[in-house]
Amino acid sequence: DDDDDDDDDDDDEHDEDDDPRRKTAVKIRTPQNTYVPQVLASLTVSLCSMVVGFASAYTSPALPSMNSPGSPLSVSEEEGSWIGSLMPLAALIGGMAGGPLIESIGRKTTILATGIPFIISFILIAMAVNVQMVMAGRAIAGFCVGIASLGLPVYLGETVQPQVRGTLGLLPTTLGNSGILLCFIAGKYLNWQMLAILGACIPIPFLVCMLLIPETPQWYISRNKNKKAKKALQWLRGKNADVTQEFSEIEKANHVGKNEEMPGYLSLFSKMYSKPLLISMGLMLFQQLSGINAVIFYTVKIFKEAGSTIDENLCTIIVGIVNFLSTFIATGLIDKLGRKILLYASSATMAVTLITLGTFFNYKNSGADVSQYGWLPLASFVFFIIGFAIGFGPIPWLMMGEILPAKIRGTAASLATAFNWACTFLVTKTFSDLLRIFGADGAFWLFGGICLLGLVFIIFCVPETQGKSLEDIERNLTGVGKGPVRQVRRMSSIAHLKPLPMAI
């Protein structure tokens with residue numbers, strides 16, 4: 001069949017000058033052959049994001065259910081905070097383990113390897129007779145989340161062509177947020193055990209579909225498996241596509257990469273590299289200290305304490321829907337308005353909504369009648385999530401790929417990502433303590449104040465990168481690099497999002 005295809009291609013080349021209709025037909029047919037396999041591959045690996053989203057949101061409806069009458073468990077405030085925060089802590093470790101794994105056993109195999117542990121984690125939770133079993137399940141799930149958060153962008157970056165990278169790069173976040181929404185909706189009707197059983201079923205389609213797609217050509221070439229690499233690239237581009245030039249470029253990039261010495265962690269803090277690294281870590285800090293994960297992990301609990309006139313589970317579903325739809329807002333705005341304008345709008349919106357929410361709780365706790373303002377907590381949550389989605393959700397990940405110099409990008413990005421997970425753990429672990437010590441009003445005022453500090457940080461420290469080449473950005477931040485700078489393939493702005501609620 002391949003020989004027949006080659007003969008047909010040769011005939012097309014000889015006849016295309018004489019028959020313009022055939023030339024047109026080729027132009028129309030080729031993109032279909034090229035992009036459909038990439039869509040299938042991207043959709044398949046993004047199914048893992050759905051599992052990640054469901055696992056991340058599980059604690060929100062599950063924790064109140066664990067303390068309901070008839071439940072075999074009784075979870076204290078301290079135990080609840082550990083159940084919520086174990087995931088990001090384990091994800092930090094998983095992310096560190098994921099780097100060596102994707103290099104040693106491959107991108108596809110690493111992502112595929114998370115499927116069975118995800119199922120085991122939910123079965124452990126569903127069968128739990130004590131809190132320790134729930135914690136063990138959450139730790140296993142978190143470890144897999146960390147691996148997936150590293151493996152998914154790498155797989156997509158190495159398999160998807162630039163022409164469709166923006167669209168297909170949206171899939172992990174879209175399916176991740178659909179997993180969150182599914183968990184919120186199911187959590188309204190299922191107890192924590194049945195919800196965990198549903199969670200154990202979600203990885204099954206992902207596991208089956210992953211067996212049908214290839215490993216990335218880049219990994220095969222790095223292991224000197226050039227025949228398999230070319231076969232994988234041909235599958236991804238379509239059987240009629242000419243992959244000779246792209247295959248040659250991948251080989252060349254692999255050869256250059258092998259000859260380069262990777263910098264150590266200490267070199268990241270040298271005078272040349274410290275500024276871009278600190279800007280990236282600062283954006284990660286303010287992203288997580290905005291309280292986004294407190295909102296996602298404890299949505300039901302917050303609405304319950306607010307005494308909202310709307311059912312807390314319905315409020316949670318509405319938040320999940322807004323979360324899902326907000327995925328698409330950043331897509332149309334990031335490359336049109338610029339990074340800093342969106343960060344200004346994001347931090348200001350989050351600050352106003354958090355301060356408003358804190359004021360509502362303050363009036364409620366002082367004994368004032370707030371029944372006529374029962375809609376306010378939900379409205380504040382909705383606008384908080386929209387504010388996060390247009391700026392501090394995607395932009396720290398996008399700018400991490402833009403402002404980190406090419407030579408240190410891999411090492412620095414892993415450090416910035418680990419720092420993000422550490423901040424996520426800090427917020428989720430201490431949120432219950434903040435509520436107990438400062439009250440809901442004080443906790444939300446604190447997060448609102450941090451968002452205002454983030455606004456100051458953006459004004460004075462964060463550069464605008466819209467429309468600038470990576471070379472120009474690097475020269476401006478490091479003060480060096482007049483010669484040519486090696487460009488590193490990177491995902492689009494959307495594809496840089498973590499497939500988690502941390503990047504709605």
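Sequential numbering from 1, following the chain as shown.
Each residue, glycine too, has its Cβ placed from N, Cα and C.
The compositional bias 'Acidic residues' annotation in TrEMBL covers 1-18.
Among the features that TrEMBL reports, region 'Disordered' is placed at 1-25.
Residues or ranges marked as transmembrane segment by TrEMBL: 39-60 (among others). Among residues of the same chain six or more beyond the transmembrane segment (39-60), those with a C-beta under 8 A of the stretch's C-beta atoms are 80, 83-84, 87, 111, 114-115, 118, 121-122, 125, 138, 141-142, 144-145, 148-149, 152, 155-156, 159-160, 164, 168, 171-180, 182-184, 187, 195-196, 199, 202-203, 205-206, 209-210, 212-214, 236, 296-301, 316, 320, 499-501.
Summarising the annotation, TrEMBL assigns domain 'Major facilitator superfamily (MFS) profile' to 41-466.
What TrEMBL lists as transmembrane segment is 80-102 (among others).
The transmembrane segment feature in TrEMBL is assigned to 109-129 (among others).
Residues or ranges marked as transmembrane segment by TrEMBL: 135-156 (among others).
The transmembrane segment feature in TrEMBL is assigned to 168-187 (among others).
Residues or ranges marked as transmembrane segment in TrEMBL: 193-213 (among others).
The transmembrane segment annotation in TrEMBL covers 277-297 (among others). Within the same chain, residues 56-57, 59-60, 84, 88, 180, 268-269, 319, 323, 347, 350, 354, 381, 384-385, 388, 392-393, 395-396, 399-400, 403-404, 408, 412, 415-417, 419-420, 423-424, 426-428, 431, 443-444, 447, 450-451, 453-454, 457, 461-463, 477, 501-502, 504 sit at least 6 positions outside the transmembrane segment (277-297) and bring their C-beta atoms closer than 8 Å to a C-beta of that stretch.
Among the features that TrEMBL reports, transmembrane segment is placed at 317-334 (among others).
As annotated by TrEMBL, transmembrane segment applies to 341-363 (among others).
Using a Cβ-Cβ cut-off under 8 Å and counting only residues 6 or more beyond its ends in the same chain, the transmembrane segment (375-399) has close neighbours at 279-280, 283-284, 286-287, 290, 292, 295, 299, 302-303, 306, 308-310, 315, 318-319, 322-323, 326-327, 329-330, 333-334, 339, 342-350, 352-354, 356-357, 360, 420, 454, 462, 465, 493-494, 496-498, 503-504. Annotation source TrEMBL lists transmembrane segment at 375-399 (among others).
The transmembrane segment annotation in TrEMBL covers 411-431 (among others).
The transmembrane segment annotation in TrEMBL covers 443-462 (among others). Listed as Cβ neighbours of the transmembrane segment (443-462) (distance under 8 Å, sequence separation of 6 or more from its ends, same chain) are residues 279, 282-283, 286, 289-291, 294, 339-340, 343-344, 347-348, 350-355, 357-358, 361, 392, 399, 431, 434-435.
At the 8 Å Cβ threshold, with sequence separation of at least 6, the transmembrane segment (109-129) comes into contact with the transmembrane segment (193-213) through 3 or more pairs. The list of residues near the transmembrane segment (80-102) in space but at least 6 beyond its ends in sequence, with Cβ under 8 angstroms from a Cβ of it, reads 55-56, 59, 63, 110, 113, 131, 134-135, 138-151, 154, 219, 293, 297-298, 414, 417-418, 421-422, 424-425, 428-433. Per-residue confidence over the domain 'Major facilitator superfamily (MFS) profile' (41-466) averages 86 (mean pLDDT, predicted model).
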